[in-house]
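J.: Shown below is the structure under consideration.
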Amino acid sequence: MFQPAGHGQDWAMEGPRDGLKKERLVDDRHDSGLDSMKDEEYEQMVKELREIRLQPQEAPLAAEPWKQQLTEDGDSFLHLAIIHEEKPLTMEVIGQVKGDLAFLNFQNNLQQTPLHLAVITNQPGIAEALLKAGCDPELRDFRGNTPLHLACEQGCLASVAVLTQTCTPQHLHSVLQATNYNGHTCLHLASIHGYLAIVEHLVTLGADVNAQEPCNGRTALHLAVDLQNPDLVSLLLKCGADVNRVTYQGYSPYQLTWGRPSTRIQQQLGQLTLENLQMLPESEDEESYDTESEFTEDELPYDDCVFGGQRLTL
């Protein structure tokens, strides 16, 4: 499996999160499919494809044998062409299978479609071709991420632009509302990783700036406070974030500033927050808040890339 490349974050903290991160990196070491097919077998598939020049009326699409071949990871020939970044070959395959939605949207063992892999490998041109050929941008991988979730997580503005401009308005509306299996929308992921341009772009497209995580009710503004990102706080306020929206435990973004180092964030929110949502309950102390801000795996940044079970240093 391909994993998004790491993006070092200033907000990374030591402590319990380190243990979570190590466990997550171990769990995420999946085979990418690169080593599951021998070079000779891959070259033979390439040769067979290049020899195919039949018109649709001469043979149905399903009759082409290379479409039926899968690796042990469930990768199709199109998956492999994208993984290996064989762009001319990938475009040729897409051209031949245009309209064959079952093949274009086929998901490997990790539930990744060719569109997911185009985003992971940072090939926005391929992603655009796949969308125009009929790929479904709403399909999710094994973590519940759509391709747009991955693009926001990686901070690839070019892929975000392709995915939001090429899909239909109906698809776009659904994807912007969709949450992955950690309860995060695309806006949440862009906020967590501090990609301000993507945050602003998503809100402009109609993303709900006050969307709450299903598990604890944090909004993007709560996340910005948790991650101590004053620039993100400013942007979210500019985009209409509700400073008085509380989590399911009743905490406003301002209340999360207690015990945090950024006085700038506290000043920003203090001017706008209702008085009764500024002080912590008398029965609470600053340490009791720790249960509110447990980090999910989405908030632990990728810092490695795994190919065939081997970690690469970027």
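Numbering starts at 1 and runs along the chain as it is shown here.
Glycine residues also receive a Cβ, built from the backbone N, Cα and C atoms like all the rest.
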J.: Do you know which of 30-36, 212-218, 261-267 Swiss-Prot annotates as motif 'Destruction motif'?
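T.: Checking Swiss-Prot against the ranges 30-36, 212-218, 261-267, the motif 'Destruction motif' one is 30-36.
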J.: Among K22, K67, find the residue to which Swiss-Prot assigns the annotation ubiquitin cross-link.
T.: K22
J.: If I look at Swiss-Prot, which residue among K21, K38 would I find recorded as ubiquitin cross-link?
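T.: With Swiss-Prot as the source, ubiquitin cross-link is noted for K21.
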J.: With the ranges 88-98, 110-120, 297-307 to choose from, which does Swiss-Prot describe as motif 'Nuclear import signal'?
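T.: When 88-98, 110-120, 297-307 are checked in Swiss-Prot, motif 'Nuclear import signal' belongs to 110-120.
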J.: Given a Cβ distance threshold of under 8 angstroms, which distant residues of the chain, six or more beyond its ends, lie next to the repeat 'ANK 2' (110-139)?
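T.: Same-chain contacts beyond the flanks: 1-4, 30, 73-74, 76, 78-79, 82-83, 85, 87, 90-91, 94-95, 97-101, 104, 145-148, 150-151, 154, 156, 158-159, 161-163, 166-167, 171, 174-175, 178.
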